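A.B. asks: Swiss-Prot feature annotations, pasted as is:
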- 132, 266, 275, 284: substrate binding site (BINDING)
- 161, 205, 258: divalent metal cation binding site (BINDING)
């Protein structure tokens with residue numbers, strides 16, 4: 001099987017082009033890599049980094065019949081390097097859309113998406129909160145979740161980009177159950193092991209028996225108990241301020257809101273963190289950072305997170 005990995009350029013005004021060149025030094029002969037972007041932009045990034053990437057230009061991914069590195073040049077930009085703008089946002093969306101279309105058809109088996117900027121993407125007509133939501137909609141995926149992954153720590157979020165004051169409205173038994181079931185299904189199918197799912201409480205001290213909040217008693221505990229009846233390895237609600245001490249490799253933490261999960265994750269695994277989308281019909285990862293316009297096109301970007309994101313795709317494809 002010729003296992004193909006798609007890599008999107010991301011926002012060309014950001015650090016994506018530079019990162020692709022830097023991780024290309026670690027490409028493996030047993031995989032096929034298909035870059036979705038701009039040849040002229042990659043050539044400029046090559047001059048910047050001093051890294052030469054040998055690739056073959058193709059029009060369609062089906063032409064990538066032999067193992068190697070390929071480029072689908074969408075030729076969206078008029079110039080190689082642009083400032084953050086509607087043009088850069090439009091280009092980033094075009095690269096993503098083409099890669100996703102190929103993945104949905106089964107022509108690539110995993111996608112590494114370089115960062116896009118939500119502001120400029122939306123200015124260019126992108127109508128989604130982020131790449132994850134676009135991937136889910138395009139693939140017809142109803143149940144999905146963002147997981148931050150590293151060998152040290154694995155964190156799944158019940159809620160993502162919503163105001164903290166609104167979080168309790170989403171801490172519901174059925175929503176928790178959906179995420180717990182999804183985590184188990186994805187780990188069994190893609191990671192090939194049974195996870196221990198650790199569900200965190202919402203309130204300080206996990207509610208202190210209802211004295212500090214009722215969500216644990218009314219929503220979280222019933223969800224955990226029902227999941228146990230289904231044979232799922234799950235515990236909770238755990239007290240959030242001690243839950244992350246000495247995690248094991250099989251632990252997956254289900255956190256109630258964004259910062260509850262992301263603060264400990266970035267403290268423990270900042271340079272090796274990977275954004276993994278659970279629930280999609282293909283593997284999708286991205287680095288754990290944004291476009292970093294402030295250091296873009298200065299050859300200052302560190303490729304560690306992007307390399308870990310690539311390695312995770314490769315490792316999972318090895319399990320197929």
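Cβ coordinates are placed from backbone N, Cα and C, and glycine is handled just like the others.
Quantities reported herein were computed from a predicted structural model and do not represent experimental measurements.
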A.B. asks: Can you count the other CB atoms that lie within 10 A of the CB of residue 275 (substrate binding site)?
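C.D. replies: Summing over all protein chains shown, residue 275 (substrate binding site) has 21 other Cβ atoms within 10 Å.
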A.B. asks: How long is the line from the C-alpha of residue 266 (substrate binding site) to the C-alpha of residue 161 (divalent metal cation binding site), rounded to the nearest angstrom?
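C.D. replies: It is 17 Å, counting Cα to Cα.
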A.B. asks: Can you give me the Cα-Cα distance between residue 284 (substrate binding site) and residue 161 (divalent metal cation binding site) in Å, rounded to a whole number?
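C.D. replies: Residue 284 (substrate binding site) and residue 161 (divalent metal cation binding site) have their Cα atoms 19 Å apart.
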A.B. asks: Give me the long-range Cβ neighbours of residue 205 (divalent metal cation binding site): same chain, 6+ apart, Cβ under 8 Å, in sequence order.
C.D. replies: 212, 239
A.B. asks: Among the binding-site residues 258, 284, whose Cβ has the fewest other Cβ atoms within 10 Å?
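C.D. replies: Output over binding-site residues 258, 284: least Cβ neighbours within 10 Å is 258.
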A.B. asks: Compute the C-alpha separation of residue 258 (divalent metal cation binding site) from residue 275 (substrate binding site), stating it in Å without decimals.
C.D. replies: 13
A.B. asks: Per 10 Å Cβ neighbour count, which of the binding-site residues 161, 266 ranks highest?
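C.D. replies: Of the binding-site residues 161, 266, the highest Cβ count within 10 Å belongs to 266.
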